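J.: Before we start, here is the structure in question, set down as structure tokens.
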């Protein structure tokens, strides 16, 4: 158990140590990406809070998403940069536990939050006359709270079970992050039950929200097709395009790691896929929402003029 083994020494995050030249390139790329993440997501949070015109359900959820991305990438990137820059590829047991709990909680929260945002887009397109009544502030707060609570609940269960697995001194993690699929590989007992449990949790917190997103957009497409107007298509694309792009980036990468045969997880491709949803996606999210959204660009201009 991790609690009893915590004094035995630090974990070794093998990461990309077998490719030292690649580490130098990754360090620069990850650092730039992290700085852009901090600036972009902080800007969205500020304009959404300070500009009265953005005090709507859509931007309330977008603020939550930006905050999740800020915390998610911060729980991973500083340690990754330290390991990429130096020769010591280690992380303390306490640091590993914190990273596991925080990153898993925030990743799970984002899965549910993206489904909540899809429901908001459904209400905006399919129930425009009743949108303000349906998406009232109390419901928005409840939906956001549900996303946060589901993430915390998942990490308390999955994280605790994973950390209490006996490891018999195994401390080499063949990854750059303390993540559940990589951590359970350290166990010196039969982990089949843990793999099944992880798969079931992934079904609930990955595929179920994804199914709800697809259903929401199915209704949106039906509503737009009934109108049969090019202007309606453009308006729907403007309303939903940014969210669809974010969903594609996030789910397209994270499902490749969590919904796959366990034997293929340790392959090199798994590390690069994890880099995409832990480092690149939080960087691209604010760019997607600002470049494709006239409201956010207008709010940014007004904030700068002040």
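Including glycine, each Cβ sits where the backbone N, Cα and C put it.
Relevant sequence annotations retrieved from TrEMBL are reproduced here:
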TRANSMEM  25-47  transmembrane segment
DOMAIN    40-289  domain 'G-protein coupled receptors family 1 profile'
TRANSMEM  59-78  transmembrane segment
TRANSMEM  98-119  transmembrane segment
TRANSMEM  199-220  transmembrane segment
TRANSMEM  241-260  transmembrane segment
TRANSMEM  272-291  transmembrane segment
J.: Looking at the stretches 98-119, 199-220, 241-260, which one shares the most CB pairs under 8 Å with the transmembrane segment (272-291)?
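T.: Out of the listed stretches, 241-260 contacts the transmembrane segment (272-291) most.
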J.: For the domain 'G-protein coupled receptors family 1 profile' (40-289), report the average pLDDT of the model, please.
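T.: Here the mean pLDDT over the domain 'G-protein coupled receptors family 1 profile' (40-289) amounts to 86.
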